[in-house]
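Engineer: Feature list, courtesy of TrEMBL:
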REGION    246-279  region 'Disordered'
TRANSMEM  78-104  transmembrane segment
TRANSMEM  110-133  transmembrane segment
TRANSMEM  145-162  transmembrane segment
TRANSMEM  168-191  transmembrane segment
TRANSMEM  297-319  transmembrane segment
TRANSMEM  331-355  transmembrane segment
TRANSMEM  367-393  transmembrane segment
TRANSMEM  405-426  transmembrane segment
TRANSMEM  438-458  transmembrane segment
Amino acid sequence: MPPRKDRLKEIFSTYFKLGYTTFGGPAAHIGILYGEIVEKRKWLASEQFTELFAICQALPGPASTELAYSLALVRSGFLASVFAFLLWSIPGAIVMTVAGVLIGDVSETIPLWATRLEQGLSAAAVGLVALAAYKMSTTLATDKLTRILALISGGTSALYAAPWLLPVLMISGGVTSWIFDAFLFPLSNAWKEKRAHRKAQEELDGKKVDLEQGHATNQEAEATGSASAEDHSAADAPVTIIQSADTDAEKTPSVHGSIRSRNKAEAATSEGAQLDSAQELQPEGQYRPLFTYSKKLGFIFFLIFLALLIASILVRALVPESRTASYGPLVATFYFTGSIIFGGGPVIIPLLRTYTVDSGWMNDNQFLVGLALIQSLPGPNFNFACFLGAVSMVRANQSGVAGAFLGYLGIFFPGLILKNAIIPFWQSVREHKSVKMVFRGVNACALGLVFSATWLLFIQTNAFGGSSGYHGVIASAAFVANGYLDLPAPLVIILGGAMGAIEYAVADL
């Protein structure tokens, strides 16, 4: 492991720009992280990235932020992962905090030019997500089973939205691949081998019969030839020599041919074994060893998560409800919300509205202004908690900055500390044969989620009007620019925003 200073420099150079360019929400974040971490910097293998992504989808909290955090954690350790998280989230959090404190000066409607700009940014993000999905499919969906699982997962998540759906899909995929790899495939292979052996035995028996019949025919021919030889020995002798020579000439190439075929087959087998061996050894030599820590420490992290969850439930239950927010119920509410929400930003919106608007901490217009603003900013959608915390405490004549900080801490902390708890167990079991079987299906279903996210993000981009065809052009241009022209993802995102501004200038002015 390099010195701490070098690790922090690497984290800064990787994550600093992401805090300002990760537009498009969680789906876009996955594509951007894959391109930056796996393809460009080669911190870890595609399979490891997808496993971490699948675990994040199965845990409560902000999935893309947990993924960004865990990538830094397994790369460089705890301090580096916290630094990466701050670089990833702080820019958007600052904007949302300022907006929450100054909510009285913020317009209740977002101007059209800002909407078109945000649509251009999101459309470019669609292209990057599609590119990431395509590249991930080349390593994660390589056989019929994984392709079918990816199709089912992607189709289901595109058609239905429920908090419990994503974990269920990935668990089902893991169980399915384990059943197939551990039971059905071995049975199928054994049946095929038995059938091939039976067929080979039948062919061998047929050849034996042919040889016996041929031997009998040769004996008759020899007997006849012997009788003829006594009468016509002088005339037939040369013919017999020629026939014998012909027979040898026919047999000799056959023998040499079979030897050559066997040698080729042995060489191919040896070559294939060497290739398989090289493929197995390549990842270990190509990637730096991951940062590890004990499962005991992971269990301690889980206990902290559980203790804080119980404390937040008790605070919410024991403190009387009030139409005015206070610091204790505020942080308890956000911690509780971050602990029970699966599916990330889109799922948390209605729950946050219930806990803030229906509780009287703010009005509907203020909530909608913050929601529109967070959709236009880079970084995690959970930064919305900074805005809600600031507005709630300002309306209670308390410090809006303190409210934003408590909202930020409460909403992110449960998912990140739970990720700390899971990582050592993932690292210790991922190389086991049965676990690999499970993760084969889990990764395929996670791949399907990335494909469906491409479609859902495109629908979300067009929800505020504009030309869907033009947005499709922006997405296609982003796909080509990053995938084939090697333009950096942040530059592609910025160009997408510029194309969105062009749409406003041409069609809306």
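Including glycine, each Cβ sits where the backbone N, Cα and C put it.
Those TrEMBL annotations? Automatic predictions, nothing curated.
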Engineer: If we call contact 3 or more Cβ pairs under 8 Å (sequence gap 6 or more), are the transmembrane segment (145-162) and the transmembrane segment (110-133) touching?
Structural biologist: no
Engineer: Assess whether the transmembrane segment (367-393) lies in contact with the transmembrane segment (297-319), where contact requires at least three Cβ pairs under 8 Å among residues 6 or more apart in sequence.
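Structural biologist: The answer is no, given that the two segments have fewer than 3 Cβ pairs within the 8 Å cut-off.
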Engineer: Between the transmembrane segment (438-458) and the transmembrane segment (168-191), are there three or more CB pairs that fall under 8 A, provided the residues in each pair are separated by 6 or more in sequence?
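Structural biologist: Yes, these stretches are in contact.
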Engineer: Give the nonlocal contacts of the transmembrane segment (405-426) in its own chain as ranges (CB under 8 Å, at least six residues past its ends).
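Structural biologist: For the transmembrane segment (405-426), the sequence-distant neighbours (Cβ-Cβ under 8 Å, at least 6 residues beyond its ends) are 51-52, 55-56, 59-62, 65-66, 69-70, 73-74, 78, 85, 89, 93, 97, 292-295, 297-299, 301-302, 304-305, 308-309, 327, 330-335, 337-339, 380, 382-383, 385-386, 388-390, 392.
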Engineer: For the transmembrane segment (438-458), could you work out the same-chain residues 6 or more beyond its ends whose Cβ comes under 8 Å from its Cβ atoms?
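Structural biologist: Contacts with the transmembrane segment (438-458): 24-28, 30-31, 47, 50-51, 53-54, 57, 122-123, 125-126, 129-130, 132-133, 136-137, 140-141, 145-147, 149-158, 166, 169-178, 181, 430, 471-472, 475.
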